[in-house]
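Read the structure below first, then the notes.
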Amino acid sequence: MDKRVALITGAGRGIGAKIALALAADNTDIAVVDYGEESAAKETLDALAAAGVTARYYRCDVSDFSATKEVVDQILKDFGRIDILVNNAGITADKLIMRMDEADWDRVLSINLKGCFNMIKHVTPFMMRKRFGRIVSVSSVVGLMGNAGQANYAASKAGIVGLTKSVAKEFGSRNITANAVAPGFIRTAMTDALTEEQKKEMYKLIPLGSLGETDDVANAVRFLVSDAARYITGVVLKVDGGMYI
Ligand code: NAD
């Protein structure tokens with residue numbers, strides 16, 4: 001495959017870091033966009049360098065419209081192109097609505113949903129000129145099924161589905177595809193903190209009977225940005241072991 005360049009948000013660690021490594025295996029240079037200090041992403045950047053691709057770190061809050069414009073401009077200057085956008089950055093602030101305040105709602109929606117809009121808004125002018133683009137946004141099964149205590153998170157992830165389908169319709173004629181992945185329960189620091197009891201309850205909800213791995217999500221994204229998926233747009237690919245059928 002020709003050398004490509006991917007901008008991946010929240011790629012400093014977790015699922016985003018695995019997505020970066022999966023795309024690197026397909027000869028893709030990586031712009032890691034994350035919120036924290038560059039040192040927090042050192043392990044990821046070292047692994048990408050070891051994989052033989054060019055990787056650079058850009059510190060940016062995806063919810064900040066003008067900062068995302070600046071970062072996209074800088075990446076285009078440094079790499080000369082952006083072929084792939086993966087909107088992966090996301091947070092939770094779980095509370096029942098009774099206890100959820102306005103700031104909890106605004107923060108989750110700004111990062112998880114507006115962050116995707118910001119990036120799509122700024123990368124699509126370049127992709128349109130090139131008549132090529134692959135956009136994948138990380139939703140969640142919670143956005144499809146709802147979850148008590150996660151109204152803000154579920155709304156943001158459901159919003160990503162509507163955004164993705166609209167982007168697929170607006171940009172399809174320019175050979176830009178837009179898809180979403182919807183992970184279920186994935187083994188991360190967050191799920192490691194659950195008790196054995198809680199995990200057993202969870203497994204009862206999952207036909208495949210186990211948690212997913214970050215690689216499972218990364219492989220789905222790798223497929224959706226590959227040439228093998230050139231005729232696929234506007235889909236939500238669940239990576240959930242059958243949890244929500
Ligand atoms: P994580 O917390 O390990 O990683 C999220 C990354 O996003 C971090 O590197 C963080 O610094 C970055 N980030 C947070 N706010 C940001 C901001 N404002 N601007 C830029 N970067 C920011 O989480 P994860 O488990 O790897 O999750 C990645 C994505 O997958 C998220 O969108 C999450 O909602 C989604 N997801 C995760 C699971 C799961 O089980 N872990 C399930 C479904 C969906």
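Using the three backbone atoms N, Cα and C, a Cβ is placed for every residue, glycine included.
Record features, source TrEMBL:
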{"type": "ACT_SITE", "residues": "Tyr153", "note": "active site, proton acceptor"}
{"type": "BINDING", "residues": "Gly10, Ala11, Gly12, Arg13, Asn88, Tyr153, Ala154, Ala155, Ser156, Lys157, Ile186", "note": "NADP(+) binding site"}
{"type": "DOMAIN", "residues": "4-184", "note": "domain 'Ketoreductase'"}
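The structure, with features from TrEMBL marked on it.
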| residue | record | CB count, 10 Å |
| --- | --- | --- |
| Gly10 | NADP(+) binding site | 25 |
| Gly12 | NADP(+) binding site | 26 |
| Asn88 | NADP(+) binding site | 28 |
| Tyr153 | active site, proton acceptor | 22 |
| Ala154 | NADP(+) binding site | 21 |
| Ser156 | NADP(+) binding site | 27 |
| Ile186 | NADP(+) binding site | 21 |
Relative to ligand 1, which of the recorded positions Tyr153, Ala154, Ser156 have a Cβ found under 6 Å from one of its atoms?
none
For Gly10 (NADP(+) binding site), name the DSSP secondary structure in the helix/strand/coil scheme.
coil
Secondary-structure category, per DSSP, in which Asn88 (NADP(+) binding site) falls:
coil
Whole-number Å distance between the CA of Tyr153 (active site, proton acceptor) and the CA of Asn88 (NADP(+) binding site)?
14
When DSSP is mapped onto helix/strand/coil, what comes out for Ala154 (NADP(+) binding site)?
helix
If you measure every Cα to Cα distance among Gly10, Ala11, Gly12, Arg13, Asn88, Tyr153, Ala154, Ala155, Ser156, Lys157, Ile186, the residues said to bind NADP(+), what is the biggest one in Å?
25
